[in-house]
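Enquirer: Once you've had a glance at the structure underneath, I'll fire off some questions.
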Amino acid sequence: MLADIIRAIILGVVEGVTEFLPVSSTGHLLLAERFFNLGEGPFWKSFAVLIQLGAILAILALYFSKLWNIARGMFSDPAAQRFVIGVLVAFLPAAVIGAASGGLIKEYLFNPWVVCFTLILGGGILLWVDQLELKPVHHEATEFPLPMYLIIGFAQCIAMFPGVSRSGATIVGAMLLGADRRAAAEFSFFLAIPTMLGAFVYDLYKSRADMTMDHGLIVAVGFAVSFITAIIVVKTFLTYVTRHGFALFAWWRVIVGTLGLIALALGR
């Protein structure tokens, strides 16, 4: 039991740290499973899905005031209505494409080789975008034009490939369309709520047979660690990227991907 709790803590930290950073939480969890045997077996695969709820609730807690004001204004405030429609429009491509091809992607592409290559490629793209002399024209995530929300939604679909990073794809898409770093990151967080919640419910339903009440304590520990870690990371991340950009995360991706390829080539 103690070993399982320690494993739950480690995976909770990995989820909480990487879910909202542009480094790919799925990619890191797959590599942790491959090289450190941290996620093997049906239960631990289901566990990785369950602790995503902790990260989702972290965003709800951090942005509760803003989200509550939007919810209250849904039937009377045109700006709130427009933002809700924008989030739904951005969510739609992932919902449709994910339902149609998610199973095939998981079957054929969820392997360490793909993760390592996409980590490196995504790191290179993130470095390139970060060094562009972009002139942001959108400074509030709640005020993007509707077509911009849709394009960001299609950018999110690229992250169905493991190692790409959902937050990385949406942040890059938003910045190329004129958002500043903070607004791009914040919209990525808002879009994560329906996207991750939908994936959570779908995967939870599919893996329901692997969960029992005996796992309650382990799941609770991982959930709590994921929640607390995500809150700390999101608050720190926004301050950091506003001042320094994304180069640190880009180089992290390149280093992890390269080390992973070396380990795989050596038969590890």
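Every residue gets a Cβ built from N, Cα and C, even glycine.
Pulled from Swiss-Prot, these are the listed features:
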type: TRANSMEM; residues: 47-67; note: transmembrane segment
type: TRANSMEM; residues: 85-105; note: transmembrane segment
type: TRANSMEM; residues: 109-129; note: transmembrane segment
type: TRANSMEM; residues: 144-164; note: transmembrane segment
type: TRANSMEM; residues: 184-204; note: transmembrane segment
type: TRANSMEM; residues: 217-237; note: transmembrane segment
type: TRANSMEM; residues: 246-266; note: transmembrane segment
Enquirer: How about the transmembrane segment (184-204) and the transmembrane segment (85-105): at least 3 CB pairs under 8 Å, pairs 6 or more apart in sequence, or not?
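Expert: Contact between the transmembrane segment (85-105) and the transmembrane segment (184-204): present, because at least 3 Cβ pairs are under 8 Å.
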Enquirer: Which of 85-105, 109-129, 217-237, 246-266 has the most Cβ pairs closer than 8 Å to the transmembrane segment (47-67)?
Expert: 217-237
Enquirer: Would you kindly list the residues that approach the transmembrane segment (246-266) from elsewhere in its chain, counting only those six or more residues past its ends and only Cβ-Cβ distances under 8 Å?
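Expert: Apart from its flanks, the transmembrane segment (246-266) reaches 21-24, 28, 31, 35, 112-113, 115-120, 122-124, 126-127, 129-130, 163, 165, 168, 171, 181, 240.
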